[in-house]
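Enquirer: Structure below; questions to follow.
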């Protein structure tokens, strides 16, 4: 330690004193305390603590003494738990002050902290960039432009942020519903009749379909989605981040096939490869089903599902590994018992292990279509074990996924409520 005198150092935390040697402070587990070792002047010391007594070589910290006592138990024994009868969030603030993180807590206390943060909605959003300019005279033109862009961004990104955002979200939902109705109606036999024409008639039909009512409705919906996507890209803060967002990628996947199909129709004409192009066009048209996912922008339930899958990808991978391992074991055994052994009866449905995998997956998920079933006694015993194992293996990771789902729901619900309060203030103004 380069400041102060004496072989020992005294830390006074809320009236409770702790004495340490200088060498201990060098590698102390708490970052704020270890910073005292590198202080060269009293000014450096006061940047770390609240007060300093030169005569006693005592450093004063105006913090919760009981919380620091539990933190010292972590330093000595390696276990960090919450202080009884103390708010979890207050103790978490003490941890952050001394240089600890939530991961240092024991697992049970980590769960309590997550639940507490979800219940009290402590997921605060970033402050508005020019909020401090309120009431300080007229803003400069640059600030006015940034505020306008921020309002536009919130209007398109947050459906509950204002009246205009709610109207825009309602219109977007109507366009999605209309486009889905047209897509479903286009698969009816009456609508699919023109697809059975010859190649030449098919080319003329494809070129004229845009002028039909369904083609006009489709073009209007695509025009709306395209304009919405372009405006959101223009007003976004970070263009690269905008392109990488999953919902924006889905928007591109839903919009792009329409323009590709139009270009293919224009450039193909009556070419001999039109038959193959017609199949491609039908595949591209069916990709419009991705428009349903656009509803995730306006419904918390779909947003919660996506956020849960994003945060629980490790649990989902673990679940898939469980299923794959069990599928490999039970499919090999079932093929052996039903077809591989010479027991006088061979089940042709289990002629190979890949064929048996289908029976294993529908048995483990308790679907049981009945298209395949074991006929030997050992095979039926194996089938019972397979069903019970599937129930157990599928239930193991569900607890973690459920906990994350509840946490994500509270987080998104709080964000929606925060914008709803701003919407109420808009009405009052």
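Don't overthink the numbers, they just go from 1 along the chain as shown.
Each Cβ is built from the backbone N, Cα and C atoms, and glycine gets one as well.
Keep in mind it's a predicted model, so treat the numbers as computed, not measured.
Heads up, here are the entries from TrEMBL:
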type	residues	note
DOMAIN	7-116	domain 'BTB'
TRANSMEM	163-188	transmembrane segment
TRANSMEM	215-235	transmembrane segment
TRANSMEM	247-269	transmembrane segment
TRANSMEM	289-309	transmembrane segment
TRANSMEM	316-337	transmembrane segment
TRANSMEM	349-369	transmembrane segment
TRANSMEM	381-405	transmembrane segment
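I'm curious about the neighbourhood of these features; can you describe it?
Expert: Per-residue pLDDT, averaged over the domain 'BTB' (7-116), rounds to 84.
Residues of the same chain lying 6 or more positions beyond the ends of the transmembrane segment (349-369) and with a Cβ under 8 Å from any Cβ of it are 323, 326-327, 330-332, 334-335, 338-339, 379, 383, 386-387, 389-391, 393-394.
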Enquirer: Where among 215-235, 289-309, 381-405 do we find the most Cβ pairs under 8 Å to the transmembrane segment (316-337)?
Expert: 381-405
